[in-house]
């Protein structure tokens, strides 16, 4: 057994093999203000305001500090206030990780309790750099704790380690213990940072064919756990906003088949705001329906007097033509508190466009000026209604 990584997630009474390393970059040197929900909006930077953000899942996946800083500086220059990025990168076998960066290892044969943390140069230090640079450039982060999908260590690595699957994961004791211990590690490491906007339970959690109570109970329990660790920062679910109306039209977004009920989950007191995503092409809808989806979630947010965030949206082609109407609906017709396009793209000196995808909006392009720069300006100048 090669104990290259420090041990986390140990059972009560067990002693860690190594002492947790301090952050590799300066953290905790930014402003004292903590973002919070105020009615249907957010107070950020000491002001209740609308704002735009972006997704950039790959920030911590870069091995070069200069490239991380380049991306963060361009995001800040755009006028974005918040970046949603992965707070996880996990593997089962550290001797053959299959990816350049990994923060966590799930393997019961290597670690008591099953969870190890990589403190090497391609481990948690990469996220330290992201958090430190976010502080320096005065932007905030939504850190997501797990992935419903298999990319870069999702539920699949828990399945490999503990025998759970995509639906039993939410109630599997070993999986949930390791998941909570990882949350505890991340929250305790960064809760003193001014760069944290919110903690997020997962990226697009689903439980296909399950009763919505499975996700609801899991989200209620885990969000309460996070609030015990950190009473200051917000917590979100990270779901796609699926709806379960009793008399729905039976189509995918309204049939509850993914086991997620956006309305029910918004009732959870320890979730500070709701999230919804939009990918009409993948879901079997026409693009014009997207604006209706935005309006529906805005109306639900009004009912609960909670912020809702249009947290992901994208198309594989004709970005400006297809996505701009959704942005204009958000700006002109709703009180959606913020929106985060999927996703920020740039050309990096070493990595190039390695981590982009067909939805990426690349810095410096004509479409970026419209969908990123102009939209961030529109959201920033939008007036918050007086109550």
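In case you wondered, yes, glycine gets a Cβ from its N, Cα and C as well.
Fair warning: this is a prediction, and the values are worked out from it, not measured in the lab.
Annotation source Swiss-Prot lists signal peptide at 1-24, citing experimental evidence.
Annotated substrate binding site per Swiss-Prot: 86, 203, 204, 205, 206, 240, 279, 283, 342, in sequence order, evidence recorded as similarity to another entry. The C-beta environment of residue 206 (substrate binding site), restricted to residues of the same chain at least 6 apart in sequence and closer than 8 Å, consists of 148, 166, 215, 240, 258, 259, 260.
Under the heading N-linked glycosylation site, Swiss-Prot lists 107 (among others). Shown in sequence order, 92, 93, 94, 114, 116, 161 are the residues of the chain, 6+ apart in sequence, with a C-beta less than 8 angstroms from the C-beta of residue 107 (N-linked glycosylation site).
The N-linked glycosylation site feature in Swiss-Prot is assigned to 165 (among others); the stated evidence is sequence analysis. Under the three-state DSSP scheme, residue 165 (N-linked glycosylation site) falls in the coil class. Applying an 8 A CB threshold to same-chain residues 6+ apart, the list for residue 165 (N-linked glycosylation site) reads 155, 159.
If you look up Swiss-Prot, you'll see 204 marked as active site, proton donor/acceptor, on the strength of similarity to another entry. Long-range Cβ proximity for residue 204 (substrate binding site), meaning a same-chain Cβ under 8 A and a gap of 6 or more residues, is found for 147, 148, 149, 238, 239, 240, 277.
Sequence-distant neighbours of residue 210 (disulfide bond) (same chain, 6+ residues apart, CB-CB distance under 8 A): 167, 170, 259. The DSSP secondary structure for residue 210 (disulfide bond) is coil. The disulfide bond annotation in Swiss-Prot covers 207-210 and is backed by similarity to another entry.
For 286 (among others), the entry in Swiss-Prot reads N-linked glycosylation site, with the evidence type sequence analysis. Of all the Cβ atoms in the protein chains shown, 8 others lie within 10 Å of the Cβ of residue 286 (N-linked glycosylation site). According to its DSSP assignment, residue 286 (N-linked glycosylation site) is coil.
Among the features that Swiss-Prot reports, active site, nucleophile is placed at 312. When other Cβ atoms within 10 Å of the Cβ of residue 312 (active site, nucleophile) are tallied across all protein chains shown, the result is 23.
The N-linked glycosylation site annotation in Swiss-Prot covers 318 (among others). In the three-state DSSP assignment, the secondary structure recorded for residue 318 (N-linked glycosylation site) is coil. Sequence-distant neighbours of residue 318 (N-linked glycosylation site) (same chain, 6+ residues apart, CB-CB distance under 8 A): none.
Annotation note: residue 279 (substrate binding site) sits in a coil segment as assigned by DSSP.
For the substrate site, whose binding residues are given in the record as 86, 203, 204, 205, 206, 240, 279, 283, 342, the maximum C-alpha distance rounds to 23 Å.
Around residue 342 (substrate binding site), the same-chain residues six or more apart in sequence whose CB sits under 8 Å from its CB are 55, 277, 312, 313, 314, 359, listed in sequence order.
Straight-line distance linking the Cα atoms of residue 279 (substrate binding site) and residue 207 (disulfide bond), rounded to a whole number, equals 19 Å. All protein chains included, residue 279 (substrate binding site) registers 16 other Cβ atoms within 10 Å of its own Cβ.
Here the recorded positions are 86, 207, and the one with the most other Cβ atoms within 10 Å of its Cβ is 86.
According to DSSP, residue 86 (substrate binding site) sits within a strand segment.
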